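Visitor: This structure is in structure tokens; I'll ask about it shortly.
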Amino acid sequence: MTSRPVRLLIVGPQGSGKGTQGVRIAETLGIPVISTGDVFRANVAEGTDLGLQVKSIIDAGQLVPDELTSAVVRDRLSQPDAQGGFLLDGYPRNLPQVMHLDEFLEGRDEALDAVVVLAVPREESIARLAKRAHEQGRADDTDEVIAARLSIYETETAPILGVYGTRGIVDEVDGVGTLDEITARIIAALEARGLARPAAA
Ligand code: ADP
């Protein structure tokens, strides 16, 4: 277990495996994963007001409005289990959301400790998404919507790494390999920052 709260963000293009790795890392560190995509999908599945508001946006691969998304995340981060650290997956994904998160965390005298970027070549992520579309049938995994999501990643999400980069908290990790290899690379990067204990712990 870690001795102090660890606050992480995992970033990567669609199909990079960030969801899977996020869960593994969070389990290792004993912190909750906060995935905006999962929160939105659960609301759509349950037919909540939020779900009704976001369904068509998600199905089109567009971004849910920043104010709405940030309000959802603030709510989630205010729950007791997130006081001991957290791993954000899929938020922030543009510069306005970075500002919203900064403001919220600063108000609590907190900050992100590390931003893990999973680097995966475009062809590889497209191949993985095609496979997932086949296996899971996610409504937003059609060719056209995948292209829209990847393009938003490149134009809106990639630039947030510049901001976090100037803070010296970005760790880029090679996202090609077996699941275990990639998890080990991420843990090693976090260990180097003193955010995770060596494997035996
Ligand atoms: P992916 O990263 O593969 O697009 P996610 O599960 O992270 O999948 O997100 C699915 C969808 O949920 C996005 O395409 C978008 O419509 C919505 N979404 C998730 N996170 C955000 C966010 N931070 N801001 C706006 N919309 C979001």
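Just so it is clear, glycine is given a Cβ too, placed from its N, Cα and C backbone atoms.
Automated prediction, rather than curation, is the source of TrEMBL annotations.
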Visitor: In TrEMBL, the residues T36, R41, Q62, L63, V64, G90, Y91, P92, R93, Q97, R138 are said to bind AMP. Which of R108, R128, R149 is said to bind at that same site?
Guide: R149
Visitor: According to TrEMBL, G15, S16, G17, K18, G19, T20, G177 bind ATP; which of R74, R132, R197 is also listed for that site?
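Guide: Within the candidate list, TrEMBL flags R132.
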Visitor: Counting by DSSP secondary structure, give me helix, strand and coil numbers for the region 'NMP' (35-64).
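Guide: Within the region 'NMP' (35-64) the tally stands at 22 helix, 1 strand, 7 coil.
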Visitor: Scan G17, Y91, R93, R138, G177 for binding-site residues whose C-beta lands under 6 Å from an atom of ligand 1 and note them, or write none.
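Guide: Listed by sequence, the hits are Y91, R93.
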Visitor: Mean pLDDT, the region 'NMP' (35-64)?
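Guide: Across the region 'NMP' (35-64), the average pLDDT comes out at 97.
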Visitor: DSSP on K18 (ATP binding site), three-state: which is it?
Guide: helix
